[in-house]
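*Asks:* Annotation source TrEMBL lists domain 'CMP/dCMP-type deaminase' at B:5-115. Among the features that TrEMBL reports, Zn(2+) binding site is placed at B:His56, B:Cys86, B:Cys89. The feature active site, proton donor is assigned by TrEMBL to B:Glu58.
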There are 2 protein chains.
Amino acid sequence: MEHIFTDDYFMKKALQEAEIAFDKGEIPVGAVIVVDNRVIARTHNLTELLHDVTAHAEMQAITSAANFLGGKYLKGCTLYVTLEPCQMCAGALYWSQISKIVFGASDENRGFQKMGAQLHPKTQVISGVLEKECADLMKAFFKNKR
Amino acid sequence: MEHIFTDDYFMKKALQEAEIAFDKGEIPVGAVIVVDNRVIARTHNLTELLHDVTAHAEMQAITSAANFLGGKYLKGCTLYVTLEPCQMCAGALYWSQISKIVFGASDENRGFQKMGAQLHPKTQVISGVLEKECADLMKAFFKNKR
């Protein structure tokens, strides 16, 4: 039997969350956190609804996963997120010592790589998973807004 | 009459919050957000109690102030915080477009300046206000821990 728990598999779950954000009029970013092939947090951007710049999908996912695990460190966990994290989220991921980050689309303007923020040295990063699907959803959102 | 609403005045309020964190066994960082000389948020670090790396004093202050104001932008606001913000908090402050940040002690290891994170270009920064008092509280905390 083929192994179904691929990066694509979990990124699709993050994309489903991004679509929920899209339907709410939020910038469509979704995230899931996975440990041992089990999704322990699923979140989407809620900055508009909550009037809160800190309500990025990743920030909520970190809080939610830590609640689930009963501890603040996310060692052994993987974050799947449809857009490259910003420096705020990279900073939170740094503190969490998360093991792996997989993101879909790059953010050339406000992504942590462009802005210069640092991840924890132990964190592995994979980019470009379902990149087109993730980027297309963002493009559709901003096209609607104009 | 001398103007009482100085940076020292509001940093003392942030220090009072840091002392509450100290008493709870949290790394003693406190913050207040001020608009028109009125304190609209007062918070302290709660990362241990909440098992949540995102529960820095500044993050809670941003959320709290935005709730108070009914909008996510903190233009016209000043954050007073006893320790230099980390890259996560700097990233959140960037998104908030806060007008002014006043911090007490520098964080040579994990402060946003060392880590390379960026604030919003419109944000004014003042450092070293009640620096010794802010730093002494941190030193006392870590001395107790060892």
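Note that Cβ sites are derived from N, Cα and C of the backbone, with glycine treated the same way.
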*Asks:* Inside 10 Å of the Cβ of B:Glu58 (active site, proton donor), count up the other Cβ atoms and send me the figure.
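*Replies:* Total other Cβ atoms inside 10 Å, all chains included: 29.
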*Asks:* Would you mind reading off the Cα separation of B:Cys86 (Zn(2+) binding site) from B:Glu58 (active site, proton donor), to the nearest angstrom?
*Replies:* 9
*Asks:* Tally of helix, strand and coil residues over the domain 'CMP/dCMP-type deaminase' (B:5-115) according to DSSP?
*Replies:* 44 helix, 25 strand, 42 coil
*Asks:* Far apart in sequence but close in space: which same-chain residues, 6 or more away, have a Cβ under 8 Å from B:His56 (Zn(2+) binding site)?
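*Replies:* Those within reach of B:His56 (Zn(2+) binding site), by Cβ under 8 Å and sequence separation of 6 or more, are B:Val29, B:Asn45, B:Thr47, B:Pro85, B:Cys86, B:Met88, B:Cys89.
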*Asks:* Across all chains shown, how many C-beta atoms besides its own are within 10 angstroms of the C-beta of B:Cys89 (Zn(2+) binding site)?
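*Replies:* That number is 30.
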*Asks:* Within 10 angstroms of the C-beta of B:Cys86 (Zn(2+) binding site), what count of other C-beta atoms is obtained when all protein chains are considered?
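*Replies:* B:Cys86 (Zn(2+) binding site) is surrounded by 28 other Cβ atoms within 10 Å.
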*Asks:* Limited to the domain 'CMP/dCMP-type deaminase' (B:5-115), I'd like the whole-number average of pLDDT.
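*Replies:* Summing pLDDT over the domain 'CMP/dCMP-type deaminase' (B:5-115) and dividing by its length gives 97.
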